[in-house]
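The block underneath contains the structure these notes are about, expressed in structure tokens.
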Amino acid sequence: MEGFITDWLNLALRWLHVIVAIAWIGESFYFVALDNSLKPPTDPNQRKRGVFGELWHVHGGGFYNMQKYTVAPPEMPDDLHWSKWPSYTTWLSGFSLFFVLYLLAPNTYLIDKSVLDMGPVVAVASALGFLMAGWIVYDSLCRVLGTNDRVLGICVGIYVVVAAYLACHIFAGRAAYLIVGAMLATIMSANVFFVIIPGQRKMVDKMLKGEEPNPIYGKRGKQRSVHNTYFTLPVVFAMLSNHYAMTYTNKFNWVVLVLIMLAGALIRQFFVMRHRGKQLWYLPIGGVALLSGALVWTMPKPIAPEAQAANAPKVVINDIMPILQQRCVECHSAKPTLMGSAPAGVMFDTPDEVSKNAQRIYEQAVRLKAMPIGNVTHMTDDERTKLAAWFEGGAVK
């Protein structure tokens, strides 16, 4: 029953997380596009009112005129929209999902003893520390180097590379990718909570008092907002990476993570510049080149066939069923004991089900060694070799 409840909680949190993340990313992308598409107002009266730029839209059968002020409008409207709740709910739902799936089962998801032998308490504390340290270091860099965007950008990039390296040498590969993504997502949401919204509140308070707002708050908020837009695609990849074991099971998985995240940032930069009227095709070409490099890096190496006597019997399905029963059916069964339901609906209860999933078994248990997760059931190399012999021999029944 506990696994059943966990599965439904997982579903509800994941659904909520995706919905609010779409809202946040969509809103963020829209305002970045708006900022980079603004044109000086043609009406002199608008310029006198402090309008910095404007953009005309046609959408859904209506016309819209978006305007941005250099600092603030002469009069503050009664109904002012604040772009904050999509960010907050994305982080809260994401952290809740991380807590339910990873922090409550550290031995399964966080720990890989071949990477670092640590206990569950240390693993959970390390994961939480990673998120907190991520924000503290990033925020410190921004406060010290904030007046030089180029230097700050380079330092933040180097910091992300170091974080990827450390995570992949502390946690299981699957968890490492997610934790780096969660670290960046924490930075993004903290930027909104600690910098962007407080700065905007100070500007509004000044306006309500009839005083001139300090433009520094707008500049700081804009800088953090720009950082957020470059983090977006890398974070989306990190959230999806759990489904693609060929990325995080690689020996140099931190390099693969950096390559794909950098590709995402370059592709995002292309669209940012495109909104400014510049078609810098070398950016997406560079992104595709990096993705191609990651593809080549993760390409599986041919598995050397085991030396066998010429008359050695073929491994048949009855030879591997005991392995699957002992190592896999705790999850992949009609009645699993470790989970509420079989992941992806894959079950190994019968020979027919095993034959149908032969390719998956070979890829996940032999080539990638991604299953069992965290090797919690202690599948041995000899057992993986027997699975390989069965599949490469034609998955004989």
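We number each residue from 1, going along the chain as drawn.
In case you wondered, yes, glycine gets a Cβ from its N, Cα and C as well.
Keep in mind that TrEMBL annotations are predicted by a computer and have not been checked by a curator.
Just so it is clear, the model here is predicted, and its values are computed rather than measured.
Feature annotations, reproduced from TrEMBL:
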type	residues	note
DOMAIN	4-298	domain 'Urate oxidase N-terminal'
TRANSMEM	12-33	transmembrane segment
TRANSMEM	88-106	transmembrane segment
TRANSMEM	118-138	transmembrane segment
TRANSMEM	150-172	transmembrane segment
TRANSMEM	178-197	transmembrane segment
TRANSMEM	229-246	transmembrane segment
TRANSMEM	252-271	transmembrane segment
TRANSMEM	280-299	transmembrane segment
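The transmembrane segment (150-172) is in contact with the transmembrane segment (252-271), judged by 3+ CB-CB distances under 8 Å for residue pairs 6 or more apart in sequence. Here the transmembrane segment (229-246) lies next to the transmembrane segment (12-33) in space: the count of CB pairs under 8 Å, restricted to residues six or more apart, reaches at least 3. Between the transmembrane segment (280-299) and the listed ranges 12-33, 88-106, 118-138, 178-197, 252-271, the one holding the most Cβ pairs under 8 Å is 252-271. Below 8 angstroms of C-beta separation, residues 6, 9-10, 13-14, 16-17, 20-21, 23-24, 120, 123-124, 127-128, 175, 178, 182, 185-186, 188-189, 192-193 of the same chain, each at least six residues beyond the ends of the transmembrane segment (88-106), sit close to that stretch. Mean pLDDT of the predicted structure over the domain 'Urate oxidase N-terminal' (4-298): 93.
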